[in-house]
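Copied over from TrEMBL, here are the features:
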type	residues	note
BINDING	Arg35, Asp92, Glu93, Ser94, Lys134, Gly151, Asp152, His229, Ser230	substrate binding site
BINDING	His105, His130, Asp131, His203, His229, Asp262	Fe cation binding site
Amino acid sequence: IVEKNQGNGKEEETELVLDAGFEAPHTNSFGRTFRDYDAESERRRGVEEFYRVNHIGQTVDFVRKMREEYEKLNRTEMSIWECCELLNEFIDESDPDLDEPQIEHLLQTAEAIRKDYPDEDWLHLTGLIHDLGKVLLHSSFGELPQWAVVGDTFPVGCAFDESIVHHKYFKENPDYDNPSYNSKYGIYTEGCGLDNVLMSWGHDDYMYLVAKENQTTLPSAGLFIIRYHSFYALHKSEAYKHLMNNEDRENMKWLKVFNKYDLYSKSKVRVNVEEVKPYYLSLTNKYFPSKLKW
């Protein structure tokens, strides 16, 4: 932890930085810059169409309906590792940087964190499980369309910030012209805390519900990372900071650390699954029950 002086009479800010000098690569697994949604590529058109449908469909009513349905956790019971293996079938259509099965990304993220933060085992496990909510794509979980499972997340119930990728498509969202929802605060108040904010529905919010309701012993920063790791408007553009409370601001320091590994560890370098499996099984047993309700 280092002290970062903001200057200009502003308060000093304590900021977590990488201990082991993690160096972000300049290009993704396709040889292009990361999160470039405008670069000409064979995935660009599909990614943009994904966000068009996503931005039209993610409304307050839709989010409330999904949370009410899925917070029952009555789909199945399985272990964390069993869920990891289910994700082998899926590729995230919203991601311009990766076309590998999801378990590869989970292990790449976790192992990169483990290398630089060997003593923070809760963060290693968070890296492994942060995307497990993508099982919503599976037939046994309702086989939701990708636009309702993956992609950048954002609050609903207040104005859609212009920093959100492909913002233009929000104009077709039913909430866009609703005076109850299209102001800066909308249905929220300043400093209300992100836990009281309705986020667009997807794998982040679902896995957060699963972990919380199964009484995980992960620290609050772990749950914060799971729920907001796709909230790029906040942790890249600092939008919606007016809704945060003090606990959010503390947890945000860990999310910024985590995000570097989540984003920049994506590569074609494979992880030996069987070699690392015993370690991650020990962590799941430490922080979760053997079987979870999903």
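Please read every residue number as a count from 1 along the shown chain.
Positions of Cβ are set from backbone N, Cα and C atoms, glycine also.
Location within the structure of each feature annotated in TrEMBL.
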residue: His105; record: Fe cation binding site; CB count, 10 Å: 24
residue: His130; record: Fe cation binding site; CB count, 10 Å: 26
residue: Asp131; record: Fe cation binding site; CB count, 10 Å: 25
residue: Lys134; record: substrate binding site; CB count, 10 Å: 26
residue: Asp152; record: substrate binding site; CB count, 10 Å: 22
residue: His203; record: Fe cation binding site; CB count, 10 Å: 27
residue: His229; record: Fe cation binding site; CB count, 10 Å: 24
residue: Ser230; record: substrate binding site; CB count, 10 Å: 24
residue: Asp262; record: Fe cation binding site; CB count, 10 Å: 23
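Reported as a whole number, the C-alpha separation between Asp262 (Fe cation binding site) and Lys134 (substrate binding site) equals 15 Å. Annotated Fe cation site His105, His130, Asp131, His203, His229, Asp262; additional same-chain residues within 8 Å of its Cβ mean position, judged by their own Cβ, are Leu106, Thr109, Asp204, Ser230. Asp131 (Fe cation binding site) sits 10 Å from Ser230 (substrate binding site), counting Cα to Cα.
Asp152 (substrate binding site) sits 14 Å from His130 (Fe cation binding site), taking the C-alpha atoms as the reference points. Rounded to a whole value, the Cα-Cα separation of His105 (Fe cation binding site) and Lys134 (substrate binding site) is 12 Å. A gap of 13 Å separates the Cα atoms of His229 (Fe cation binding site) and Lys134 (substrate binding site).
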